[in-house]
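Student: Please see the structure below; I have some questions.
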Amino acid sequence: MSQASPLPRYAVIGNPVAHSRSPQIHAMFSSQTGKPLQYERLLAPVDGFAATVQAFREQGGLGLNVTVPFKEEACQLAGAHLSERARLAGAVNTLWLRDGAWHGCNTDGVGLVSDLLRLGVVLEGARVLLVGAGGAARGVLQPLAAAGCARIHIVNRSAQRAHDLAAGWAAAGAVPGTRVTAGALAEAGVAGGWNVVVNATASSLQGAAPELPRGLYAPDALAYDMMYAAHPTAFMRQATDDGAARTADGLGMLVGQAAESFLIWHGVRPDPSPVLTALRATLLAKD
């Protein structure tokens with residue numbers, strides 16, 4: 001680990017972490033806002049998250065972005081100092097020191113909502129299909145509900161996991177104006193179609209799409225994949241074939257959640273748009 005730096009020190013911690021675009025994103029935010037910082041990657045052993053965080057703190061570290069597989073451990077580390085979003089998600093992707101203690105928030109869902117709004121989606125009263133019932137899905141439920149979605153239907157290959165997520169959400173203190181239901185992948189349809197379909201699975205990393213029935217999309221609906229790539233993902237291609245008016249990948253969500261973390265740490269909200277444009281160009285150039 002590097003020596004203490006005179007600059008405010010931040011990092012992304014995970015395993016693996018070499019692929020992370022967070023250093024590039026936060027460097028651009030730093031230049032944009034005039035907030036100087038040092039931002040690095042921290043590779044933690046799978047069984048060494050707490051020790052790596054402690055060493056980072058002892059060397060002057062002030063804040064961390066947390067990626068797989070440590071988001072649940074980060075939630076435990078922050079203990080009683082969790083935001084409402086983090087409490088409902090059961091996971092933390094942003095840590096910062098305040099009054100000698102680690103505080104935690106989950107900015108993933110805010111990143112998704114901000115990108116959906118950037119794309120012109122009207123979430124107030126929207127019907128949303130959420131595909132997947134893991135941590136990625138759990139992390140976006142509260143922000144989607146808070147944005148005014150009328151219904152969120154969770155479907156998963158294991159229907160029981162979807163039902164468990166919906167039940168846990170209700171038990172944790174759900175947003176009462178949003179109806180949250182669950183079922184199997186085959187139960188993904190709804191009369192009139194969905195306004196937004198979000199793929200919260202990692203299927204696109206394997207070049208596959210979830211096994212969804214046809215006829216899912218309302219007119220002008222958006223299909224959104226949390227994964228991102230230089231070209232449309234398997235889920236995006238499936239959605240276009242099924243009649244989705246528009247598709248988008250998760251690069252904007254990545255930049256959006258990073259912008260929210262930057263705001264928490266530095267008290268200023270950066271503009272995600274030029275950063276997203278630069279990252280997209282980088283993706284295409286490497287293709």
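For all residues, glycine too, the Cβ spot is worked out from N, Cα and C.
Swiss-Prot lists Ser20, Arg21, Ser22, Thr67, Asn93, Asp108, Tyr228 with the feature shikimate binding site. Annotation comment: Swiss-Prot describes Lys71 as active site, proton acceptor. The NADP(+) binding site feature in Swiss-Prot is assigned to Glu84, Gly132, Ala133, Gly134, Gly135, Ala136, Met226, Gly250.
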Student: What is the Cβ neighbour count of Arg21 (shikimate binding site) at a 10 Å cut-off, with all protein chains included?
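Tutor: If we count other Cβ atoms within 10 Å of Arg21 (shikimate binding site), we arrive at 17.
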Student: Using Cα coordinates, what distance in whole Å links Gly135 (NADP(+) binding site) and Lys71 (active site, proton acceptor)?
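Tutor: Counting only the Cα atoms, the answer is 9 Å.
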Student: Using only C-alpha positions, which one of Ser20, Ser22, Asn93, Tyr228 is spatially nearest Glu84 (NADP(+) binding site)? These are the binding-site residues in the record.
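Tutor: The answer is Asn93.
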Student: Give the sequence-ordered list of residues that share a chain with Ala136 (NADP(+) binding site), lie 6 or more positions from it, and have CB atoms under 8 Å from its CB.
Tutor: Asp108, Ala200, Thr201, Ala202, Met226
Student: Recorded positions Lys71, Gly132, Ala133, Gly134, Gly250: which have a Cα within 10 Å of Asn93 (shikimate binding site)?
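Tutor: Lys71, listed in sequence order.
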Student: Find the shortest Cα-Cα separation between Gly134 (NADP(+) binding site) and the recorded positions Ser22, Thr67, Lys71, and name the residue that gives it.
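Tutor: Ranked by Cα distance from Gly134 (NADP(+) binding site), first place goes to Lys71.
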Student: Within 10 Å of each Cβ, count the other Cβ atoms and name the one among the binding-site residues Ser22, Thr67, Asn93 with the highest count.
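Tutor: Most Cβ neighbours within 10 Å: Asn93.
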Student: C-alpha of Lys71 (active site, proton acceptor) to C-alpha of Ser20 (shikimate binding site): distance in Å?
Tutor: 15
Student: What is the maximum Cα to Cα distance, in Å and rounded to a whole number, among the residues Glu84, Gly132, Ala133, Gly134, Gly135, Ala136, Met226, Gly250 annotated as binding NADP(+)?
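Tutor: Those residues reach a largest Cα separation of 23 Å.
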